[in-house]
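Take a look at the structure set out below.
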Amino acid sequence: MAAGLGAESDHQQQKSIADFDPQIKKPPKRNKYAFACAILASMTSTLLGYDTGVMSGAAIFIKEDLKISDVQVELLVGTINIYSLIGSAVAGRTSDWIGRRYTIVITGAIFFAGALLMGFSTNYAFLMVGRFVAGIGVGYALMIAPVYTAEVSPASSRGFFTSFPEVFINGGVLLGYVSNFALSKLSLRLGWRMMLGIGAVPSVFLALIVLVMPESPRWLVMQGRLADAKKVLDKTSDSKEEALQRLADIKEAAAIPPECNDDVVAVPKNGRSGKAVWKELLLHPTKSVRHILIAGVGIHFFQQASGIDAVVLYSPRIFEKAGITSKNEKLLATIAVGVTKTIFILVATFLLDRIGRRPLLLSSVGGMIISLATLGLSLTIIDHSQKKLTWAVGLAITTVMSFVAFFSIGMGPIAWVYSSEIFPLKLRAQGTSMGVAVNRLMSGVIGTTFISLYKAMTIGGTFFLFTGIALVSFIFFYTCFPETQGRNLEDVESLFGNFHWLRDSNAAKKTARASAANNQSSGDASSASNVQLVGRGVTNSNN
């Protein structure tokens, strides 16, 4: 009997203590179907990364084989990003017309044609034609992959999923670097042509595999195909309730009345008019849309203006300036750059939905500023030294790696994640296209002027310039970028239009600290009281 009472009292004690334990809400599991869709769509970005990375090493052999000047090398390397402006401008309209999925198929076909043209080039002019076609494909891939991924992703995993295009870009860049090293042993005439032409093989596979993907639910709603959109949302949402809420939000954004629930409905004309979209985006934007446009375009401007493509496209030249003269050693060091970028972009994918966009972005830019300043200093010391300084060479190589690491853990993926999720639905394709256009324009400017720039102001001075730009970007991000983590795409617009979120964020931190202190003191008192209550219960029970 006493044993029974003792067991009962133990049960009561455990129950009483458990009653005061906080209830922890488990995050939803990753949606495997949405995960697969995001992976398939983002694989197109591998071709983009390969075309960018492979030219870094191929340019060494092309210059030697075709006897071209440094200015021609700059044009060959950098103009692909200028050409991509055409692709990104057309891609937004194409994706609204034929859908996100078939736009990805077109992207693969364009990359296939560009790779073949470059691989069979007989002279510089022919090679530039191939780069032009490949540039169109780059513009398409940069625009469509993040948009499709954002539109199929549930809010809980959107940051993780929409960072995939950047992951695959980095993977493609690394493959390009490895291709440079592996094929450098071939004859001069064959080697660089194989490097460029081999990109045609995966483009066929990627164009075909995309056909098994579903269409974007947001595009389906914009076409009035509610039943088809609901099927996709049911598969790509974390719950049936979330699927219904996402559908309701998309219908509202597309100006479809809530009571319209037929399988196919008519979409109001102002929900699809291209002219109305551009007017609302550029000519008569609301306060929130203006803020979104500045943020969406600004992050792409600073992503490239801070010099990442100077390192990606010209790393062999940078290592040469740092004191590495052997071709093999330069190409191996370049592979190390690719490995570093890829590792840290993978780390970033797991942090985006845990830490949030804003703290990760600010930490990333802070690290980039320090790395760029140190790289500029080390290259300046090497440039002015009469003998080889091993420590300075090591510092230069280390800071190149730290720069790409800090870029890849924040600025790299967040530019695509953020710009793909902040624009309202009816402005998303065009708004994202504008961001991509600015990104490619700045990348083109850096790519086509870097050699001339460092010849005019020294290699160290060029990286000091990038340091100053990165410092300005930190101030811009700190003042203009609200946190979007965990928000539904249709809710994000409400964060923009003023800076109340910045004041609220600071106030919330102060309130949280004060609340934590109060909870701690009251919690100690409550715990003592609870123990007394439990103790009394045990005593009474024993009695």
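Cβ atoms here come from the backbone N, Cα and C positions, even for glycine.
Annotations in TrEMBL come from automatic prediction, not curation.
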Annotated stretch (transmembrane segment, per TrEMBL) among the listed ranges 75-93, 436-454: 436-454
Candidates 102-120, 126-148, 389-416, 461-479; stretch with most C-beta pairs under 8 Å toward the transmembrane segment (190-213): 102-120
Stretch with greatest number of CB pairs under 8 Å, the transmembrane segment (331-352) reference, 102-120, 126-148, 364-382, 389-416, 436-454 candidates: 389-416
Ranked first among 102-120, 389-416, 461-479 for CB pairs under 8 angstroms with the transmembrane segment (160-178): 389-416
Residue numbers, six or more beyond the limits of the transmembrane segment (126-148), whose CB comes under 8 Å of its CB atoms: 37, 41-42, 44-45, 47-48, 51-52, 62, 66, 75-76, 79-92, 94-95, 100-101, 103-104, 106-107, 110-111, 113-120, 162, 164-165, 168, 196, 216, 416-417, 419-420, 428-429, 432-433, 436-437, 439-440
